[in-house]
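Report on the following structure.
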Amino acid sequence: MLSAQITGWGKCLPPAVLTNDDLTHLMDTSDEWIRTRTGIGERRISHVSTSTMATVAAKHALACAGLSGEDIDMIILASATPDTLVPNIAATVQAEIGANCAAFDINAACSGFLYALGLATAQIRSGQNRRVLIIGAERLSFYVNWTLRDTAVLFGDAAGAVIVEAVEQSEPTGVLAYAMHNDPSGREHLRVQGFGSDLDRLSPEATEFFLDFNGREIFKRAIAGMGALSQQVLEQAGVSKEEVDLVVPHQANVRIIDTLVAKMGLPAEKAFVNIEHHGNTSAATIPMALCDALEQGRIHPGDTLLSCAFGAGLTSAAALIKWGPRTTPLGHSDAELPPCDKTGLELVADVAAHQRRKAEGN
Ligand SMILES: CC(C)(COP(=O)(O)OP(=O)(O)OC[C@H]1O[C@@H](n2cnc3c(N)ncnc32)[C@H](O)[C@@H]1OP(=O)(O)O)[C@@H](O)C(=O)NCCC(=O)NCCS
């Protein structure tokens, strides 16, 4: 039986930190409100492009799996914030790692990584490809309007990557089941306004795009969507919720995670939470969480992981994964981002001032 197993993992965190206290210089908010309502303490702001972060994460994942770029059959890059729409940025990563294969981007917002994992699993199970590099990479700070306190405090920049490889085993292993869904009735509830090919290029507003959402509506739908697809993958694989060792959910709000696991009847300790230091990094959250969970010894050989996500679209996705025999890297890469000589606050200050002037009508 051909199974799709995660054999390499890597992440990239840009160095500049934007703390909750920093945000109080930009808007009427407080560390106490952000921590208690979201679980977030700080987030990273990238000084480089999404594809640069993606490349660093990919190089770490390759080294972890003991592979090089030439070994990869396909690259799927999930991002809602690619540095270029044409060409896709999977191509940029491909050039950097020296791969000779198919490469494309997908946009399923925060569910993008799990959508990519589902696509990679189908490729591997069909025998079409043996080694797929999946990356979730986001520079969400690009979309943030720093005058909107309900959205601006939530998002951060990062990238995470995994290698999914074909393994032959008599018992199912790796990705046991996956599910993807989209609820178009909610597509207006979470969107980047004013950015895309239908914008009027002659309008003075043409560059005034920003991310906006209906937070309460998303909150409710996130729990329902992730809960339904989690149940679906458990049923597909014939695995009971008691057999799940770790839940690796999308990191949008710690209260969404707490409510999700409580509704599923699972103990809160079974959920992996790393939102405090990263915020919501959309498609990067789950590969980043896998890396952090492995570093912290929260994943053991043979563990059953349930991962689920929710995002603009409104997309949702889940995967049930039987982890392989290895939880330590086979090798290490020295790939890193170029140094950054600015703080997180300095990186966003000019855009924030411009947005404030616009909001005040100047
Ligand atoms: C956005 C979110 C954190 C808001 O939390 P909430 O508990 O629903 O808060 P509310 O929107 O009800 O706002 C409560 C109050 O806090 C205020 N508030 C909002 N953001 C604030 C901030 N950053 N600092 C201080 N106060 C803030 C509101 O203005 C409101 O004040 P009011 O009662 O005087 O009107 C929460 O709804 C959420 O996480 N939603 C989903 C996020 C999402 O869509 N993520 C992306 C998709 S994965």
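Note: Cβ is positioned from N, Cα and C throughout, glycine not excepted.
Note: TrEMBL annotation is automatic and uncurated.
When TrEMBL is compared with the stretches 51-55, 121-125, 211-215, 251-255, the one noted as region 'ACP-binding' is 251-255. The 10 Å shell around the Cβ of N280 (active site) contains 24 further Cβ atoms across the protein chains shown. DSSP assigns H250 (active site) to coil in the three-state reduction, outside any helix or strand. A Cα-Cα distance of 7 Å separates H250 (active site) from C110 (active site). Contacts of C110 (active site) defined by a Cβ separation under 8 A and a same-chain sequence distance of 6+ are given as H250, A252, N280, S282, A283, T285, A309, F310, G311, A312, T315, in order along the sequence.
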